[in-house]
Amino acid sequence: MSMMFLYEALRAAIDEEMGKDSNVFIVGEDVGHYGGSYKVTKDLHVKYGDLRVLDAPIAENSFTGMAIGAAMTGLRPIVEGMNMGFMLLAFNQISNNLSMLQYTSGGNFNIPVVIRGPGGIGKQLAAEHSQRLESCFQSIPGLQIVACSTAYNAKGLLKSAIIEKKPILFLEHVLLYNLKGFVPDEEYYLPLDKAEVVRSGSDVTIVTYSRMRYHVLAAVEKLVLNGQDPEIIDLISLKPLDLHTISKSIKKTHKIVIVEECAQTGGIAAELISLINTYLYDELDSPAVRLSSKDVPIPYNGNLEKSTLIQPDQIVDVVTNLLQYKT
């Protein structure tokens, strides 16, 4: 086992897959000589050359479209968005080409493209650099969405995404790049469609993903001191949702709280609650609860920014009240 930063685990995943398959290449703004905005691709251009670690102009629609065309010829592009908010400029390419071409070509083309890069609410990065776009992209048919949260799952998930035949949107939280964790020295892959049970418990199911995993863990420390026994599930796969793992937990706890960073309207929690009400309603002893960011642009001011996000103490209060709910 080696201790590494999350961004180093991502780099290791890309390096290993590029070393195994000459069809894998990465394209994006400053991915080459600069090494990427968060140094995920640092020095890869030295090892693999400027054609496989390709610096692109500031034109997300252009280099995303190029990557889709490259995938149609048999290559395996990794597209780095310098910031996920900028990938809105490629929304046409993602929604009308990337996700649909396998279907519209009658299965003649696979489109093995990974779109990855930093997103989420950072530290005073202001509105345009603090986009939470999982709720936008989840409505696109044919696009799978994965959110990493540890150095371990970042590497294993990205390696699996790179060898997939279908397009993957791979979400990396801007505040998790410097998170450290142990990563196995031997090669490994992780399933892209499975949630992780982070902590087993019997009182209530708390479902979360990405950075909010750590807000939930902080809240659970306090809940445990109060004699409560929550189960924590990290979704990892935001589309499709791993309803099997969630179902097993709900049938044990009969209560669920969903904690997310994306805005409440049309968020991941909204979709999950819809599925729970359809398939697991009779298993619940109380209504499903969601804790989401406020439906506002993210302020630059630090105090205002913090006020838009769900904080650990809010999770503690909601879970405590939920456990007192009487049917």
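Glycine is no exception: its Cβ is also placed from the backbone N, Cα and C atoms.
The feature thiamine diphosphate binding site is assigned by Swiss-Prot to E60, with similarity to another entry given as support. Note: E60 (thiamine diphosphate binding site) has non-local neighbours G81, F86, M87, L89, A90, i.e. same-chain residues 6+ apart with C-beta under 8 A of its own C-beta.
Under a cutoff of 8 A between CB atoms, and with a sequence separation of 6+ in the same chain, the neighbours of V113 (K(+) binding site) are A67, I68, A71, R76, P77, I78, V79, L98, P167, I168. For V113, A161, I162, E164, the entry in Swiss-Prot reads K(+) binding site, with the evidence type similarity to another entry.
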Give the sequence-ordered set of same-chain residues, not counting V113, A161, I162, E164, with Cβ within 8 Å of the centre of the Cβ atoms defining the K(+) site. R76, I78, P112, V114, S160, I163, K166, P167, I168, F170
